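K.L.:
As listed in Swiss-Prot for this protein:
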type: ACT_SITE; residues: Ser121; note: active site, phosphoserine intermediate
type: BINDING; residues: Gly47, Leu48, Ser49, Gly50, Ser51, Gly52, Lys53, Ser54; note: ATP binding site
type: COMPBIAS; residues: 1-17; note: compositional bias 'Basic and acidic residues'
type: REGION; residues: 1-20; note: region 'Disordered'
Amino acid sequence: MPAHQLDDHNQETRSDDENIVWHPHAITRQDREQQHGHQGVVLWFTGLSGSGKSTLAGALEQALFARGVSTYLLDGDNVRHGLCRDLGFSDADRRENIRRVGEVAKLMVDAGLVVLTAFISPHRAERKMVQDMLASGQFIEVFVDTPLAICEARDPKGLYKKARAGELKNFTGIDSVYESPASPDIHLQGEQLVTNLIEQLLDVLRGRAIIKS
């Protein structure tokens, strides 16, 4: 796989292969945003397994869709059925998983969509990597801050039980580190009611003029 680098001026990911060139399009992101009636952004939900990332991202997508906002939800489990099905859970594979998702999210932002992503994404460097792919203001980090004890009590997929029994290695929060965001754009307390958290998210999006109502 050829190495890639980010162009600071237009946020294009460029290949080091001189035979591969970037083809600009006549229709711009701004044109698409005008047609959609809102900005294209990424809301990056991060937190432990069982923290409520997928639940909140799904509920927010429903709320936005009902308001006429063009959205797409990228879920950590779903992308491993196709886009990232060849990857495991080593540090290198986890980084590549997030890199691929970041590139897809960037394309969707260029299409003028509000992109919601639900990934543990345990390392700050990985989240920063995605942020650096996007223009200023296009990446909104949402930290779903739910205590480990609550996540483990929920354990919707039985993964904590397997990790505690030694049947699942490198599980974030048990034998693999989770690096909490130092200064997330949105800090949610995951024990609160989903309806309350969705209102908090909508308030931020309205305050940033990403959505109108």
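For all residues, glycine too, the Cβ spot is worked out from N, Cα and C.
Remember, it's a predicted structure, so these values are computed and weren't measured experimentally.
I'm curious about the neighbourhood of these features; can you describe it?
P.N.:
Residues within less than 8 Å, Cβ to Cβ, of Ser121 (active site, phosphoserine intermediate) and separated from it by at least 6 positions along the same chain comprise Trp44, Thr46, Ile98, Arg127, Val130.
Secondary structure at Ser49 (ATP binding site), as computed by DSSP, is coil. Other Cβ atoms within 10 Å of the Cβ of Ser49 (ATP binding site) number 25 in total over all chains.
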K.L.:
I want to check the contact list for Gly47 (ATP binding site): same chain, sequence separation of six or more, C-beta distance under 8 angstroms. What comes out?
P.N.:
Lys53, Ile120, Phe143, Val144, Asp145, Thr146, Gly190
K.L.:
For Gly50 (ATP binding site), just count the other CB atoms lying within 10 A of its CB, please.
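P.N.:
The answer is 24 other Cβ atoms.
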